[in-house]
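Heads up, here are the entries from Swiss-Prot:
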type	residues	note
ACT_SITE	K280	active site, schiff-base intermediate with substrate
ACT_SITE	K333	active site, schiff-base intermediate with substrate
BINDING	R290, K302	5-aminolevulinate 1 binding site
BINDING	E318	Mg(2+) binding site
BINDING	S359, Y398	5-aminolevulinate 2 binding site
COMPBIAS	86-97	compositional bias 'Basic residues'
REGION	68-101	region 'Disordered'
TRANSIT	1-48	transit peptide
Amino acid sequence: MASSIPNAPSAFNSQSYVGLRAPLRTFNFSSPQAAKIPRSQRLFVVRASDSEFEAAVVAGKVPPAPPVRPRPAAPVGTPVVPSLPLHRRPRRNRKSPALRSAFQETSISPANFVYPLFIHEGEEDTPIGAMPGCYRLGWRHGLVEEVAKARDVGVNSVVLFPKIPDALKSPTGDEAYNENGLVPRTIRLLKDKYPDLVIYTDVALDPYSSDGHDGIVREDGVIMNDETVHQLCKQAVAQAQAGADVVSPSDMMDGRVGALRAALDAEGFQHVSIMSYTAKYASSFYGPFREALDSNPRFGDKKTYQMNPANYREALTEMREDESEGADILLVKPGLPYLDIIRLLRDNSPLPIAAYQVSGEYAMIKAAGALKMIDEEKVMMESLMCLRRAGADIILTYSALQAARCLCGEKR
C-alpha cells in the first residue's frame, strides 16, 4: 500500500525505494490537506511483504543503518596498558542508568513512610526551632491540612505526638487515658475525615507526666515498672476506642507488650496492632523532639529503662520478649546510628521491622543543608535508603512529606 506524505522532493522516484515495490496495486490515502498538494510533490511510501524484504537482504540489498560508533578517545597522555585478566568486572552492571535500575536491590516508596506529627490544643501552627520545617500543628485545622498534603503524595500513615498543657500533667499521667483528651479527639477527627488513614499512636507517660519520665516516679527516683504498665494499658485502650490502628509503646517498661495485648483483646480490640519500641536506646539524638513536646525529664535521665547505646546483644533479648508477648512490629530507635541493630533484628525475626529516623538525625541534615555543606535532598534520600537497605520495612521520619515529593518528582 502507499500513502502520500506532503512536501517530498519532486525528483523522488518511488521505484528506487530500497529496490522494492509491492507487486500488488497500491492505494493513495489522501487527506484534504494532501489533496491540495501537486502529485509531483507527494512522496509515496511503498511497503513490501516480509518475505520480499528477507529476499532482498539475502540478495545483498541490505537497508542502511547507522555505522558502528567509534571508540571514545582517552585523554592525551593516557598510558597504553594491556587489559587486566579479570573474569568479573562488577562495573559492567553499573554502566548505565537502565542497568543500575534493573539490578537495584533496595527500593523505597512513600508507602514505606510513617509521618510523625506534633499536635497541640491551639489553632496556630507553631514552628519548632530545633526542627526546621516541623510544627506543632493545631489539631483541628493545621493537622488535617498536613495529612492531606501527605496523602496527595502517597504517605497514608501518621503517628501522633501531643504537647499537653502543664496544668493537665501529673505524677501518674492520668491525662494519658482521658477518652476526650487531645489524642483521642484527634484520632476521631482524622478517622472521620480520612477513614482509610493508618494512625499510629505513642503509648508512654512522658508527655503527660509532671516529672517528664516515661513512667511513674517513686520518691527515691526509681521508675516504677508494673504500676506504669497498668497506666499504659488504659492509655492504649483509650486510643483504640478512638480508632487507632497501631498502638506503639515507647516507654521501655518490662512486660508492657504482653499486658497491652491482653488489655486490648479483653476490650474487643484484637484487630489493633502493637508496634513495640523493641530497641530504644538512651540516645542523645532525641533533644529536638523533647523540645517540641516540652517533655524533658525534670531530673536524671532515662538510662534505667532505655537501652545502653554500647549494647548489641541486648537487642536480641528485647526482641525475643516482644515477639513472645505478641508484638506485630519491632522498632529500632534511633535509626541511622543503629543500622547494625536494624540488621540484627531483620536477620533474627520474621516480623516487620520499623526504624525511627529521630529528631537529631533530621536536625543535622537540615542544619548542614542550610549551611550548604551538603546537598540536603540527596543526603536525606540516601539516609532513608540506607535504613531500608539495613532491613527496615517502614521508616518513621520527619522528612516523609519532603521525601515523598522527591519520589513523586515534585520540587520541594
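Every residue gets a Cβ built from N, Cα and C, even glycine.
Help me picture these features in the structure, burial and contacts included.
Listed in sequence order, S250, M252, Q306, M307, L331, V332, K333 are the same-chain residues six or more apart from K280 (active site, schiff-base intermediate with substrate) with CB atoms under 8 A from its CB.
Secondary structure from DSSP puts K333 (active site, schiff-base intermediate with substrate) in a beta strand.
Note: K302 (5-aminolevulinate 1 binding site) has non-local neighbours H213, D214, M252, A282, i.e. same-chain residues 6+ apart with C-beta under 8 A of its own C-beta.
Around the Cβ of E318 (Mg(2+) binding site), the number of neighbouring Cβ atoms within 10 Å comes to 22.
For Y398 (5-aminolevulinate 2 binding site), the same-chain residues lying six or more positions away in sequence with a CB closer than 8 A to its CB are Y115, P116, M131, G133, C134, Q357, S359, Y362.
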In Å, rounded, how far does the Cα of E318 (Mg(2+) binding site) sit from the Cα of R290 (5-aminolevulinate 1 binding site)?
24
Once the chains shown are all counted, how many other Cβ atoms turn up within 10 Å of the Cβ of K333 (active site, schiff-base intermediate with substrate)?
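Cβ-Cβ neighbours of K333 (active site, schiff-base intermediate with substrate) within 10 Å number 24.
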Note down the number of other Cβ atoms within 10 Å of the Cβ of R290 (5-aminolevulinate 1 binding site), including every protein chain shown.
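For R290 (5-aminolevulinate 1 binding site), the count of other Cβ atoms within 10 Å is 15.
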Which of the three DSSP states, helix, strand or coil, fits K302 (5-aminolevulinate 1 binding site)?
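Reduced to three states, the DSSP call for K302 (5-aminolevulinate 1 binding site) is coil.
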Translate the DSSP assignment of E318 (Mg(2+) binding site) into the three-state scheme.
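Looking at the DSSP assignment, E318 (Mg(2+) binding site) belongs to a helix.
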